[in-house]
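**Q** Below, the features straight out of Swiss-Prot:
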DOMAIN    6-68  domain 'J'
MOD_RES   K66  N6-acetyllysine
MOD_RES   S83  phosphoserine
ZN_FING   121-205  zinc finger
REPEAT    134-141  repeat 'CXXCXGXG motif'
BINDING   C134, C137, C193, C196  Zn(2+) 1 binding site
REPEAT    150-157  repeat 'CXXCXGXG motif'
BINDING   C150, C153, C177, C180  Zn(2+) 2 binding site
REPEAT    177-184  repeat 'CXXCXGXG motif'
REPEAT    193-200  repeat 'CXXCXGXG motif'
MOD_RES   S335  phosphoserine
REGION    352-397  region 'Disordered'
COMPBIAS  353-365  compositional bias 'Acidic residues'
MOD_RES   Y381  phosphotyrosine
MOD_RES   C394  cysteine methyl ester
LIPID     C394  S-farnesyl cysteine
Amino acid sequence: MVKETTYYDVLGVKPNATQEELKKAYRKLALKYHPDKNPNEGEKFKQISQAYEVLSDAKKRELYDKGGEQAIKEGGAGGGFGSPMDIFDMFFGGGGRMQRERRGKNVVHQLSVTLEDLYNGATRKLALQKNVICDKCEGRGGKKGAVECCPNCRGTGMQIRIHQIGPGMVQQIQSVCMECQGHGERISPKDRCKSCNGRKIVREKKILEVHIDKGMKDGQKITFHGEGDQEPGLEPGDIIIVLDQKDHAVFTRRGEDLFMCMDIQLVEALCGFQKPISTLDNRTIVITSHPGQIVKHGDIKCVLNEGMPIYRRPYEKGRLIIEFKVNFPENGFLSPDKLSLLEKLLPERKEVEETDEMDQVELVDFDPNQERRRHYNGEAYEDDEHHPRGGVQCQTS
């Protein structure tokens, strides 16, 4: 039993979630609430990152489950990657802060795909916007020689203010320079490039052709190196496409295997059957259970080489795993004489010799709500004993 579930709730998972479920939840939420897409959701992005930072680490997760967020703070386990953006970059393969300083920002996009796409392979065209260096001013932001050091911050991009908080006590506050917006330089409005308005970069539409290979997985990344945002003086970043698989109506993927449930009737479970299955590449395969091969409720069987293609080895496939659910007939489906005949055909049942010490009881259908109602009524009864529900009496003279 975990002490608190706040981090799990932030990611939208249960406390017993696997690492794969945590990764999938973080991936979707981080892309949705990234500051580039939702500038007003910075706090939400921070909460998502902190939750994943703790729960993705086995030791931190154990500490959190036992003592909650307070245990993380007291246990000194809150260091992690240092910032939400570091966690994001490490997760999506963007490197760390030092790499970001040498390269332009990576652009991460989520691409929704079907299980059929991952099985057969597919090609998608993706239209997106990215920053490119302005070709009118060649990334200078204005005329040659128009760029000057910001006199407000002296080129640092940051301002430091001293705030007195008490006698002999001061607080030093560092903030982004409002004059140059943190760039450390400024351009006079009259000298700014008309195309980029002094920003040195412009937005450009880019159409990418994304090739989805057979056997790729949910969450797999496809990287277009050097196709990301450009910034003057930096190498271009990458465009990273993250595959997001939609749920399938029949099949569930487990590694290289496909899993499905199949309903069969009692007669099929006892006497055999043939069942067609439509595959993800539009073939129809037929599975057979021969008479005398009993299939019990919950039995699991498999078909070799009918699972997912193995990535980069597309001619090899996993297994198709089938769990059988046996549907039993309704009460009274046979007349007494036919039921007697059926009993003679089935294996003999074991008779119980009754003794005087035995009590006959009746077997009834289980009602899962009965215990809940009994528990509620019991609490109400105890409440009445301690707090009688008498009305307010009128005062008499």
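Note: Cβ is positioned from N, Cα and C throughout, glycine not excepted.
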**Q** How long is the line from the C-alpha of C150 (Zn(2+) 2 binding site) to the C-alpha of C193 (Zn(2+) 1 binding site), rounded to the nearest angstrom?
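**A** That comes out at 18 Å between the alpha carbons.
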**Q** Whose Cβ lies within 8 Å of the mean position of the Cβ atoms of C134, C137, C193, C196, the Zn(2+) 1 site, other than those residues?
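**A** Sorted by sequence, the hits are D135, K136, E138, G139, R140, G141, G142, R192, K194, S195, N197, G198, R199, K200, I201, V202.
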**Q** Determine, for the Zn(2+) 2 site, the additional residues of the same chain whose CB lies within 8 Å of the mean position of the CB atoms of C150, C153, C177, C180; present them in sequence order.
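**A** Apart from the listed residues, the neighbours are P151, N152, R154, G155, T156, G157, M158, Q159, M178, E179, Q181, G182, H183, G184, E185, R186.
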**Q** Please report how many Å separate the Cα atom of C193 (Zn(2+) 1 binding site) from that of C153 (Zn(2+) 2 binding site), as a whole number.
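**A** Just about 23 Å between their Cα atoms.
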**Q** Express the distance between the Cα positions of C196 (Zn(2+) 1 binding site) and S335 (phosphoserine) as a whole number of Å.
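**A** About 86 Å separates the two Cα atoms.
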**Q** Work out the three-state DSSP category of the residue listed as 'N6-acetyllysine'.
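**A** Going by the DSSP assignment, the residue listed as 'N6-acetyllysine' falls within a helical segment, counted as helix.
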**Q** Given the recorded positions K66, S83, C134, state which is nearest to C177 (Zn(2+) 2 binding site) when distance is taken between Cα atoms.
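**A** In terms of Cα distance, C177 (Zn(2+) 2 binding site) lies closest to S83.
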**Q** What is the three-state DSSP composition of the repeat 'CXXCXGXG motif' (150-157), stated as helix, strand and coil residue counts?
**A** 0 helix, 0 strand, 8 coil
**Q** Whole-number Å only: compute the distance from the Cα of the residue listed as 'N6-acetyllysine' to the Cα of C153 (Zn(2+) 2 binding site).
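**A** Between the Cα atoms of the residue listed as 'N6-acetyllysine' and C153 (Zn(2+) 2 binding site), the distance comes to 48 Å.
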**Q** Taking DSSP states H, G and I as helix and E and B as strand, how many residues of the repeat 'CXXCXGXG motif' (134-141) are helix, strand and coil?
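**A** Counting residues per DSSP class in the repeat 'CXXCXGXG motif' (134-141), I get 0 helix, 0 strand, 8 coil.
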**Q** About how far apart, in whole Å, are the alpha carbons (Cα) of C134 (Zn(2+) 1 binding site) and C180 (Zn(2+) 2 binding site)?
**A** 19
